[in-house]
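So that we are looking at the same thing, I have put the structure below in structure tokens.
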Amino acid sequence: MGGRPPRTGLFRAKLQSPGRARAAAAGRSAVAASSTAELRRAGAMWIQVRTMDGRETHRVDSLSKLTKVEGLRLRIHEVFGIEPHRQRLFYRGKQMEDGHSLFDYSVGLNDIVQLLVRQSPAVLPAVSKEKDSELSDTDSGCGSGQSESDKSSHNGEGAMDLEGQSSTAAQADWADPGFGLYKIHDLVDARDMNMGAWFEAQVVNVTRRKAANESCAVADQQTTIPEEDVIYHVKYEDYPENGVVELSSNDVRSRARTILKWHQLEVGQVVMVNYNPDEPTERGFWYDAEILQKRETKLIREINAKILLGEAGDSLNDCRIIFVDDIYKIEEPGSVCPISARPLKRQSGPVCKACKDNPNKTCRICACHICGGKQDPDKQLMCDECDMAFHIYCLNPPLSSIPDDEDWYCPECRNDASEVVLAGEKLKESKKKQKMASANSSSRRDWGKGMACVGRTKECTIVPSNHYGPIPGIPVGTMWKFRVQVSESGVHRPHVAGIHGRSNDGAYSLVLAGGYEDDIDHGNSFTYTGSGGRDLSGNKRTAEQSCDQKLTNMNRALALNCSAPINDKNGAEAKDWRAGKPVRVVRNVKGGKHSKYAPVEGNRYDGIYKVVKYWPETGKSGFLVWRYLLRRDDEEPAPWTKEGKDRMKKLGLTMQYPEGYLEAVANKDKENNGDDEFDTPGKGKRKRKSAGAEEKVVSSPAGTPKKTKVEPYKLTTQQKSLIRSDEANEKLWNEVLDALKDGPKFLNKVEEAFLCICCQEVVFRPVTTVCQHNVCKDCLDRSFKADVYSCPACRYDLGKNYTMQVNETLQTILTQLFPGYGNGR
């Protein structure tokens, strides 16, 4: 029979002898049964358990999605030897608690669960416990047992306020400490040490700086104290929350109160000006400045000055001063400003940029965030998260008084305590999982061991999900053990559904599995029955036909691939069937019940097919079904032909298994062999297997296949020329071209080398920077819009005016290697 399709008519089944047909069916049933048995031996699901320090990692096999956490603890105890009560398990930042299953925590196949081992509690002597019980609150470190020295100590702003109040009460009269240029209650200007700006303040105390080796007696004998040793305790008038600040004599001076006229200003003079370093056109704070230039025209008066930021010599050069009518003279040291005089309040920059501190204007930034009103400041609450103010009567529901809580959060910032899962608490019920059929099922069947339930561990991003045609890097004949791997590769994305498509676009791929008994498969062409017409309520996968199929959903999607107008009554046939949209076809081992072209194991990609025609007819069940005729249209040879088999051998295409699958099967077989060490033949005699026989079984697996030489990946002459002309990426191409000998894996190397660091996909419209990194132009545009003008890979400064030139040569190469990868981007 060979590998060629039969030469009979299109819908004429080839006659076989009854004996040969039964043998073929029995053989394929045995293959399917062996595959199922192998799946059961592997336990279908396994995970990795790793200690927190990362030193020890073990695989735990024979699990299910429905395995409880307490059951997992017992399995970990078998592997690690750690008692269940000492295990703390973490998955994706959540502590796993007993009573929940792996499905509740969304643990996937081969995922890593972290293990933290609790320390064994130390057994204390009884005498120590009695002594501990006799300890007072103070000895045990409780907050209520505060010592007298702690109670009398002053910390924070409240302590400073109390200190200021006590000093004001004790020194109500004008006080003279006997040294220093300024007395208590003098009005002064105090410099902020961080900004270098001067703020209006008042002296609340005057002390002296004592030398380290000076005793108190010597200090009392001195009568003349130099000014640099005097410490002034001042309080800012506009910022009482800062409390009392200690400053030296260089940072305190008499309050500025004399406004200089325009004719009194001279070049080189040091004055006090108002300036905003961030917004030079707006009012800011008060700084010392040296006048560099004075200019007057008919329309404007302006001064250019050097802003002096402190004694360290820091300055801002060539600053334009626009508030020339508010320039103050710096008073002589010691010239006291009488407290009764109360000089005019200097105007500084507004605290709120939204309302400019206008008391008659509502503002939701500096006032109540709900109503914007500035009334009743004593009834406003500040949110500790967003720093916005809220009237207690504007809240919903309103509050009757200010709460006593130390921290308060507004409704937008507050976390719902009922939704927060703390360590040691049970999971909250997920609304999504509550709606699943498995949540409402009364069946006790363990559905969590199937590979279709484990979910994808990776996703194909090289092409979009609505991509027509072959997937780059997936040659015809590629084989996978499970459907979930086919989904991960992007060849057929649904885990269970047989057709992948959209009813308004078309079908992208389909899987030939069990199907209908009257489907006919000739290899290069086959008939396919549409979906629907079955009662699949709950979580049922298959059922008998119970109603007519309709040309909707996936049936309509597959019909759109036919190069003929859509007809939902009689169907249609394409005049030029090759002009239709391509469909990727995957054959499954279950199709062996009806077809000899099905793979012996797992799933196999068989290439591109086109829809020739589709039509409605009555099936064997008596209900209307939609049938499709698909014909192969692929340049690559079919995998059942001699040419296809040779090509698969040259490319080194073998069965692909999930990561850790073969190890799980081997471990399960090893356990089974250990259990079957003794067998019990008849007549009550027990026969022990020989050690040599057991060793032979364990130590001689199926045999390590000889590594075949893989056919190198071949580049076209144009591709070689383009690679040579891409001089900016010469180093990368030299590394990538070394992988040509690995065949199809060459494309994986290209994908890895030209991955955009921003979107983590193959670069599209690539920009090759001067630092020789490749970034998508759209990604670099977003970076520049965010005012980030450096290379995303190495932080090399590209500059604000960097010209983004698309590397058209690299774009052409990637488009040829990965056709269609830029669709939808």
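Cβ coordinates are placed from backbone N, Cα and C, and glycine is handled just like the others.
What TrEMBL records for this protein is below:
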- 138-147: compositional bias 'Polar residues' (COMPBIAS)
- 45-122: domain 'Ubiquitin-like' (DOMAIN)
- 360-416: domain 'PHD-type' (DOMAIN)
- 368-414: domain 'RING-type' (DOMAIN)
- 469-632: domain 'YDG' (DOMAIN)
- 756-795: domain 'RING-type' (DOMAIN)
- 126-169: region 'Disordered' (REGION)
- 666-708: region 'Disordered' (REGION)
Any residues 6+ beyond the ends of the domain 'RING-type' (756-795) with a Cβ under 8 Å from its own?
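Distant Cβ neighbours of the domain 'RING-type' (756-795) are 461-462, 728-729, 731, 750, 802, 804-807, 810-811, 814, 818, 821-822, 825.
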Looking only at the domain 'RING-type' (756-795), what are its DSSP counts of helix, strand and coil residues?
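Grouping H, G, I as helix and E, B as strand yields 9 helix, 8 strand, 23 coil.
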As a quick check of your reading of DSSP, tell me how many residues in the domain 'PHD-type' (360-416) are helical, how many are strand and how many are coil.
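So the counts come to 3 helix, 7 strand, 47 coil.
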How many of the residues that make up the domain 'Ubiquitin-like' (45-122) does DSSP mark as helix, as strand and as coil?
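Helix (H, G, I), strand (E, B), coil: 15 helix, 29 strand, 34 coil.
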